[in-house]
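**Student:** From TrEMBL, for reference:
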COMPBIAS  10-22  compositional bias 'Polar residues'
DOMAIN    187-259  domain 'Fe2OG dioxygenase'
REGION    1-23  region 'Disordered'
């Protein structure tokens, strides 16, 4: 089955072969120019132009050289061993109706055909609440999962930092200035979702994740190297080829509404 692949202005996961690769942007320029006066940002014009075109076309682009530690990403991937546990153990974290955090095995109620064949584990991150992710794992799963919580706490912090840099790019591409969107979204809560796609006995009857649009402002997706993520553009679905070390950035409905 496909890899963890939620999200895009309209995304799904599948196994088709069409290629429609979004732009891959070098994010290192943001860190190197973090102290540059706002009136001297001419070197950012090419990258913000690419962001502007990508967002208008299909709402998706990729970032490389983003500064996220590859070792941290590897540790986060290894912690998905959670999904290999017995069902009774995973259900200790069962997601309750109306809550964003917890374990779930698909969203079959949303589709009448091509049902989602996946498991997810979601949890909340808040920049103003120290160790919130670590505390979640310990409170729900027990002390044996403190290491999981520490890894994903660090991962969430890295994604929060990257998301603020992406907001700077988006602000510049909208001619709002570098700080406008960053300051607006600074300190907002977010959700980290782990997607697992177990072997499917009848893959022709299922999708990893069905067609959807994200209700959030921004999604940063670690696609892995298996493939399967698709974006809807030019009236058809296109597969996105994974780029080692890259994150997929998707503009959600909230951001589209606000902009």
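Cβ from N, Cα, C; glycine included.
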**Student:** What are the helix, strand and coil residue counts for the domain 'Fe2OG dioxygenase' (187-259) according to DSSP?
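**Tutor:** With helix first, then strand, then coil, the domain 'Fe2OG dioxygenase' (187-259) has 9 helix, 28 strand, 36 coil.
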**Student:** Would you mind giving the whole-number mean pLDDT across the domain 'Fe2OG dioxygenase' (187-259)?
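**Tutor:** Averaged over the domain 'Fe2OG dioxygenase' (187-259), the predicted model reaches a pLDDT of 81.
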